[in-house]
Amino acid sequence: MAGLQAKTLMFVLAAALATLGRTFVEADFSKNFIVTWGKDHMFMNGTNLRLVLDKSAGSAIKSKVAHLFGSVEMLIKLVPGNSAGTVAAYYLSSTGSTHDEIDFEFLGNATGQPYTIHTNLYAQGKGNREQQFRPWFNPTNGFHNYTIHWNPSEVVWFVDGTPIRVFRNYESEGIAYPNKQGMKVFASLWNAEDWATQGGRVKTNWTLAPFVAEGRRYKARACLWKGSVSIKQCVDPTIRSNWWTSPSFSQLTASQLTKMQKIRDGFMIYDYCKDTNRFKGVMPPECSKKQF
């Protein structure tokens with residue numbers, strides 16, 4: 001009897017792993033991404049990526065496939081030293097004037113000054129939902145994990161496994177939510193000296209070029225976008241591989257909420273929901289809702 005139970009358990013585990021395998025990929029960059037610009041300013045080799053920026057050009061890639069719900073993650077090491085004027089970006093996006101987008105952007109700074117972790121979300125073409133943080137670690141002396149988790153209930157931004165931001169789904173109350181467009185994954189390194197560092201006051205020092213940002217071990221556990229049919233398929237809880245539809249992912253745990261609040265209390269430097277001057281007192285409607 002014990003032998004039969006063991007065999008049954010092994011079968012169940014094997015089936016679960018097979019199901020997970022259809023949605024989980026540690027990507028070979030050269031096979032799973034294409035260069036969108038700066039082909040001679042980048043290097044892809046297996047699970048390693050190098051993006052290069054000099055005065056002539058930057059570089060960017062995008063995934064060959066799009067996803068609707070799940071999680072994507074990448075280990076990233078940012079430009080060291082004086083990175084003023086540079087922006088490294090890692091984000092999900094669809095296309096068109098009513099596109100959806102979920103952003104991580106890393107705004108460089110002068111030597112000795114901290115980076116800015118810039119997050120934003122667009123739904124049906126509408127953005128202006130920025131939240132910014134100072135890193136509580138050195139993002140240039142090693143690789144750190146940046147994860148975007150996206151399900152029918154909420155979008156969560158994670159840094160090294162700790163949530164830093166949540167955007168919840170209030171579509172039933174007329175607030176747009178990114179749930180009807182497949183999004184591809186993008187990574188880029190580019191010059192944004194007109195605004196990126198201290199409002200554009202500090203420019204890029206091109207004598208320090210080339211600037212290099214690195215990525216490693218990109219992984220996607222996400223629903224493959226197959227067109228409009230995916231809008232229903234990717235939220236179907238009866239499909240075993242749709243793990244993100246589990247009620248356990250509809251809201252952060254108490255422990256996660258505690259960790260996130262510590263980061264937000266200690267390291268958040270901008271929240272659009274508190275910028276009454278910018279919106280002239282007419283705040284975005286989601287700002288009055290439960291945030292987490």
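Including glycine, each Cβ sits where the backbone N, Cα and C put it.
Listed in Swiss-Prot as the disulfide partner of C234, from the options C223, C273, is C223.
On the 0 to 100 pLDDT scale, the domain 'GH16' (28-215) averages 97 in this prediction. Closest to C287 (disulfide bond) in space, going by CA atoms and restricting to the recorded positions N45, E105, C223, is E105. Spatially, by CA atoms, the recorded positions N45, N109, N145, C273 include one closest to C223 (disulfide bond), and that is N145.
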